[in-house]
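Summarising the annotation, TrEMBL assigns domain 'Dihydrodipicolinate reductase N-terminal' to C:5-129. Annotation source TrEMBL lists NAD(+) binding site at C:GLY11, C:PRO12, C:ARG13, C:GLY14, C:LYS15, C:MET16, C:GLY100, C:THR101, C:SER102, C:ALA126, C:PRO127, C:ASN128, C:PHE129. The feature NADP(+) binding site is assigned by TrEMBL to C:LYS39. What TrEMBL lists as domain 'Dihydrodipicolinate reductase C-terminal' is C:132-266. Here TrEMBL flags C:HIS156 as active site, proton donor/acceptor. The (S)-2,3,4,5-tetrahydrodipicolinate binding site annotation in TrEMBL covers C:HIS157, C:GLY166, C:THR167. Under the heading active site, proton donor, TrEMBL lists C:LYS160.
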Number of protein chains: 4
Amino acid sequence: MSETINVMLAGPRGKMGTEALKMIDETNNFQLVGCIDRKHNGQLVSEVDGLPNLNAPIYTDAEEAFERLNADVFIDLTNPETGFKHTKLALHNHIRPVIGTSGFSDGQLDELKKLSHNQQTGVVIAPNFAIGAVLMMRFSQMAAKYFPNVEIIEKHHDEKLDAPSGTAVKTAQLIKEVRDSMKQGHPDEHETIAGARGADIDGMHVHSVRLPGFIAQQEVIFGQSGQTLTIQHNSTDRKSFMSGVKFAVEEVMKIDHFVYGLENLME
Amino acid sequence: MSETINVMLAGPRGKMGTEALKMIDETNNFQLVGCIDRKHNGQLVSEVDGLPNLNAPIYTDAEEAFERLNADVFIDLTNPETGFKHTKLALHNHIRPVIGTSGFSDGQLDELKKLSHNQQTGVVIAPNFAIGAVLMMRFSQMAAKYFPNVEIIEKHHDEKLDAPSGTAVKTAQLIKEVRDSMKQGHPDEHETIAGARGADIDGMHVHSVRLPGFIAQQEVIFGQSGQTLTIQHNSTDRKSFMSGVKFAVEEVMKIDHFVYGLENLME
Amino acid sequence: MSETINVMLAGPRGKMGTEALKMIDETNNFQLVGCIDRKHNGQLVSEVDGLPNLNAPIYTDAEEAFERLNADVFIDLTNPETGFKHTKLALHNHIRPVIGTSGFSDGQLDELKKLSHNQQTGVVIAPNFAIGAVLMMRFSQMAAKYFPNVEIIEKHHDEKLDAPSGTAVKTAQLIKEVRDSMKQGHPDEHETIAGARGADIDGMHVHSVRLPGFIAQQEVIFGQSGQTLTIQHNSTDRKSFMSGVKFAVEEVMKIDHFVYGLENLME
Amino acid sequence: MSETINVMLAGPRGKMGTEALKMIDETNNFQLVGCIDRKHNGQLVSEVDGLPNLNAPIYTDAEEAFERLNADVFIDLTNPETGFKHTKLALHNHIRPVIGTSGFSDGQLDELKKLSHNQQTGVVIAPNFAIGAVLMMRFSQMAAKYFPNVEIIEKHHDEKLDAPSGTAVKTAQLIKEVRDSMKQGHPDEHETIAGARGADIDGMHVHSVRLPGFIAQQEVIFGQSGQTLTIQHNSTDRKSFMSGVKFAVEEVMKIDHFVYGLENLME
């Protein structure tokens, strides 16, 4: 039997926050000890409309919450500004933070790293909680050493405004770290209609499909003479983030240092 | 039992020609009665290095071949110039031509159409013998009536020089015939790296992947709220053309008029 | 400009019914004139919690609704028993029914066919409103004439109890109608672990994947020497049915006879 | 600039052997110093029909070849019996062997391991030279720690006799090593047609498609709530093995011990 992990959470009424409460509720060895919220001070989570039936108190004062609650792990699903304050408070109280944001500056990350070191308290900052996407990027980086020719196709709903997606760009950057810069395709290739060969990131071609009916999908295709290797991630629901949050909570218990990105928690 | 179809063929030593001879050899009710070749006049097919063991005579004089041979169908796998002369000779001799070329001019096609009509002799001109590709284009045109949002991804080996592929452009044109012109994607979408959203053909986005390890593949993706429909053709070998040639030979026996494109032979 | 189609609907508070009301609301030339519901007699749709803001009256008495409302089309999204009664009432009142059910008996379908003929009023009964799935099945049947070798892979969430899915079985039956019965694969093939080659339907192999993360997906794969052709449908949301309902409403206005299955409304 | 690696090869006239000679010819820092063949003693490779234009001598006596040739690496593409003898001779001569076979017994592997240790000479035995397939298996094992629900679909031409494929079984075994044994799918799921849910390997379901038009393809699909992760390898040509041979030659130069499987050469 795993030992119980006492968890506190900031942002219980956001979409992600509510999903996280459900996940905590459904995980045998996780125990919710309290929440930080902008409203409902003094109430129980179970008393708030739309939240799961959990008997944990709500605090609007973060400092009070960190002092009163006997928590092992603190999950923050608010915003970068509030999240940064919370993370520092948590570390000062030796409560391990699990923070889902890509919005911290380099300076903020440095400050948290030092604080984690001084407090000897583990912290996980995760810009992406979708374990499948994290694995896709990691495998892509590994594969690129042996398959330098690679293209990326990402497919999203047609409400998405920017192309290529952030995940596609990040994947290309990770691949760039491990392969020599190269111009892919035939040296004499030409587009008879502009854009056919996609966006060029360090010689890699990236293609963005936007159609109703898709949610979020990416495939990374590696080719060499006689074979192709494809790694595809398909996300259909934000529930997919919860397995990543759960994993981070379990792993932050095992460390006493600063970790950025779920991939660095994986063996 | 099907009745035997007597076949003559021009271009037996080309790659496609040799594959066609094998196909004729393996088809129970096809019988090779002779070939037109630039060399080997008077020899048997079986006497020529690399050709199947078929006891059919070779002629270098096309006129002589069409007069002497008792053929039902004439297959031409040479080139547009020679093929045009052969087709006219075949029609004059009431032998039904099956011609694989996209190289005839509109004027030439008109001339053959009239000749076919006057001779009351069926003829099939096929720019593409890959039945799978023909079906993909046909289904795409049918689907577009109900799914106006569509993107095309075509993947080829990285020796291919032009992008997008001819098949992708043709597919987009066929779709264009049946849907209203529309700009796909969000009206405010923007590329952070040029080319990400692919080539634009009448509002449809077309993406060209070029990687070693691919041969020739295309997928046509239709999306609408809550669902996607994808039609994919994958070609791995020129043998794939032979089922199209066989189909054309069988169908040309049933018609006494001019047909352009295998799709117009399908029910 | 299209002329306005006056629509009445039974079952507004069911999941499908509410989606249909939204679709009617969003379609310019559709006008809701009233609903049949088991509750809320005399109220407006807009007064019922969870329904769109539409000023159409609700009737609990179906006969009264059909007599009072000046409707062109009647949509039923209730259940087979109620739906059958409603359909007969609609036809008697020369209102064209669009009914989404696979639950009518052959006898009931015959009765409705005769009634439609006598009343010279069009009716559409659709066991499946997902246009993409209907097209997938139709294209599969067309492709099978040229590609007799075919396998089906369907993928669903792991809460699904039966395998293969009803759509996979129906697809195989449609293919069976147009190809000769044949045993696929090598005559001497053997399974080293039972089940590897899937379920056998008239020689076609059908494979059922059950994994969390999938909703409902099917691919029909046709193969012949040197090429494959794949038709794939992916359903991610029940909203996907609404384009089929909308299509049926538009098409039923053009007919004065009985039609079973959306595929028979397509050109 | 990389230093030149002197290579000798046994089995130059086999399909794999000839491809390997081409690869050596095309690799700048590889130099063929000689071959072992059953015929053509004393001739040059360039003098044998069908082999590349390389001025390296052929020996029929293996012992003589190993003594006379100044090689760094020895590639064997013969058969397990001959290969085993050659490998021992190579190690005795401090020439690093790269051997592509899955046919050695455990006893033989032990013997080679000891000999490699005693001679302090690196050796690579690879049951599979397709780097893409090796990566697919490795990534699958890594992903299974986070995604215990997994199914495998492998697709081959319909001349393949056994199902599932050896690679599918090996992949399942590798996954089994890292996840707890579990029954996948709904506990109450049932097949209405036997075989629909595929072969069962430790709770994992494996599906074998056999169709003309496929060569060799495998996809490993991981699912969890809200997301799927798919790893796919597609092999279209035996040329795909050559990048694996090349990689093994480069890596064996860096080691002085015994390695079984390319995956153990990867970081």
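Glycine too: its Cβ is placed from the backbone N, Cα and C atoms.
All annotation found in TrEMBL is predicted automatically rather than curated by experts.
Shown here: features listed in TrEMBL, placed on the structure.
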residue: C:LYS15; record: NAD(+) binding site; CB count, 10 Å: 11
residue: C:GLY100; record: NAD(+) binding site; CB count, 10 Å: 24
residue: C:SER102; record: NAD(+) binding site; CB count, 10 Å: 12
residue: C:PRO127; record: NAD(+) binding site; CB count, 10 Å: 16
residue: C:PHE129; record: NAD(+) binding site; CB count, 10 Å: 23
residue: C:HIS156; record: active site, proton donor/acceptor; CB count, 10 Å: 24
residue: C:HIS157; record: (S)-2,3,4,5-tetrahydrodipicolinate binding site; CB count, 10 Å: 16
residue: C:LYS160; record: active site, proton donor; CB count, 10 Å: 17
residue: C:GLY166; record: (S)-2,3,4,5-tetrahydrodipicolinate binding site; CB count, 10 Å: 13
residue: C:THR167; record: (S)-2,3,4,5-tetrahydrodipicolinate binding site; CB count, 10 Å: 20
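Taking the Cα of C:PRO127 (NAD(+) binding site) as the reference point, the closest of the recorded positions C:LYS39, C:HIS157, C:LYS160, C:GLY166 is C:GLY166. In three-state terms derived from DSSP, C:THR167 ((S)-2,3,4,5-tetrahydrodipicolinate binding site) belongs to a helical segment.
Look at the Cβ of each of the binding-site residues C:ARG13, C:LYS39 and count the other Cβ atoms within 10 Å; the largest number goes with C:ARG13. Residue counts for the domain 'Dihydrodipicolinate reductase N-terminal' (C:5-129) under DSSP (helix as H, G, I; strand as E, B; rest coil) come to 49 helix, 28 strand, 48 coil. Between the CA atoms of C:LYS39 (NADP(+) binding site) and C:GLY166 ((S)-2,3,4,5-tetrahydrodipicolinate binding site) there is a gap of 34 Å. Confidence for the domain 'Dihydrodipicolinate reductase C-terminal' (C:132-266), expressed as mean pLDDT, is 95.
A gap of 20 Å separates the Cα atoms of the residue listed as 'active site, proton donor' and C:PHE129 (NAD(+) binding site). Residues in the domain 'Dihydrodipicolinate reductase C-terminal' (C:132-266) partition by DSSP class (helix H, G, I; strand E, B; coil) as 43 helix, 42 strand, 50 coil. Chain D has a C-beta under 8 angstroms from the C-beta of C:LYS160, taken from the recorded positions C:LYS39, C:LYS160, C:GLY166, C:THR167.
Taking every pair among C:GLY11, C:PRO12, C:ARG13, C:GLY14, C:LYS15, C:MET16, C:GLY100, C:THR101, C:SER102, C:ALA126, C:PRO127, C:ASN128, C:PHE129, the residues recorded as binding NAD(+), the greatest CA to CA distance is 20 Å. Shown in sequence order, C:GLU154, C:HIS156, C:LYS160, C:SER165, C:ALA168, C:ALA216, C:GLN218 are the same-chain residues outside C:HIS157, C:GLY166, C:THR167 whose Cβ sits within 8 Å of the Cβ centre of the (S)-2,3,4,5-tetrahydrodipicolinate site. A Cα-Cα distance of 18 Å separates the residue listed as 'active site, proton donor/acceptor' from C:PHE129 (NAD(+) binding site).
Within the same chain, residues at least six positions away from C:GLY11 (NAD(+) binding site) with a Cβ under 8 Å of its Cβ are C:GLY17, C:ILE36, C:ASP37, C:ASP76, C:LEU77, C:THR78. A straight line from the CA of C:GLY166 ((S)-2,3,4,5-tetrahydrodipicolinate binding site) to the CA of C:SER102 (NAD(+) binding site) spans 11 Å.
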